[in-house]
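J.: Straight out of TrEMBL:
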type	residues	note
DOMAIN	8-145	domain 'Nucleoside diphosphate kinase-like'
BINDING	Lys16, Phe64, Arg92, Thr98, Arg109, Asn119	ATP binding site
ACT_SITE	His122	active site, pros-phosphohistidine intermediate
Amino acid sequence: MAPPPNIHERTYIMAKPDGVDRGLIGEIITRFEKRGFKLIAAKLALPTKQHLEDHYGDLKDKPFFPGLITYMQSGPVFCMVFEGLDAVKTGRAMLGATNPLTSQPGTIRGDYALAVGRNICHGSDSVENAEKEIKLWFPEGTLQYQLSQASMIYE
Ligand code: GDP
Ligand code: MG
């Protein structure tokens, strides 16, 4: 049986170096805010190679892995955690397909990117991985607070 909908589900979203360089941090935040998600952590970071290898550990045998790490170290990233109903799956839908050429228009990648190796944003792919990624990128933890509009977002 599927678990009940969780309005406190958390997902890790990150503007990659190309997203930061192209001035898309605000756009990404705006889309998640307008959808109804609550920002509960955010910061700029210059991750080490080891940190990125941990983040992308499941891809270490892929031929594009070295290039991916170089790309991810080419400038600052902007790290975010959003909370809300079905945040992981909905967050992935808002990002669009991994390869921007197949991302639907209206998604972040489908509106702002062309190349799979420059796809401007990251989003967790499962609740379990989201929790791992939040621990990795925000060992200091996330914030708890109420949105005054919560009753206008949720029944
Ligand atoms: P995501 O979860 O949609 O980000 O996709 P993956 O977890 O499969 O891959 C992580 C990241 O690696 C992607 O967002 C791309 O930046 C990069 N990547 C994935 N597949 C390819 C590929 O075939 N070629 C290149 N150059 N990069 C890739
Ligand atoms: Mg992934």
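Placement of Cβ uses the backbone N, Cα and C atoms for every residue, glycine included.
How buried are the listed features, and what sits near them?
T.: Cβ contacts within 10 Å of Lys16 (ATP binding site), excluding its own Cβ and spanning all protein chains shown: 23. According to its DSSP assignment, Lys16 (ATP binding site) is coil.
When secondary structure is read from DSSP and collapsed to three states, His122 (active site, pros-phosphohistidine intermediate) falls in the strand class. Cβ neighbour count for His122 (active site, pros-phosphohistidine intermediate): 21 (other Cβ atoms within 10 Å of its Cβ, all protein chains included).
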J.: Determine, to the nearest whole angstrom, how far the Cα atom of Lys16 (ATP binding site) is from the Cα atom of His122 (active site, pros-phosphohistidine intermediate).
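T.: His122 (active site, pros-phosphohistidine intermediate) has its Cα 7 Å from the Cα of Lys16 (ATP binding site).
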J.: Among Lys16, Phe64, Arg92, Thr98, Arg109, Asn119, which the record lists as binding ATP, how far apart in Å are the two most distant Cα atoms?
T.: 21
J.: Measuring Cα to Cα, how far is Phe64 (ATP binding site) from His122 (active site, pros-phosphohistidine intermediate) in Å?
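T.: Rounded to a whole number, the Cα-Cα distance is 16 Å.
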J.: Can you check which residue among the binding-site residues Arg92, Arg109 has the largest number of Cβ atoms within 10 Å of its own?
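T.: That would be Arg109, with the highest Cβ count within 10 Å.
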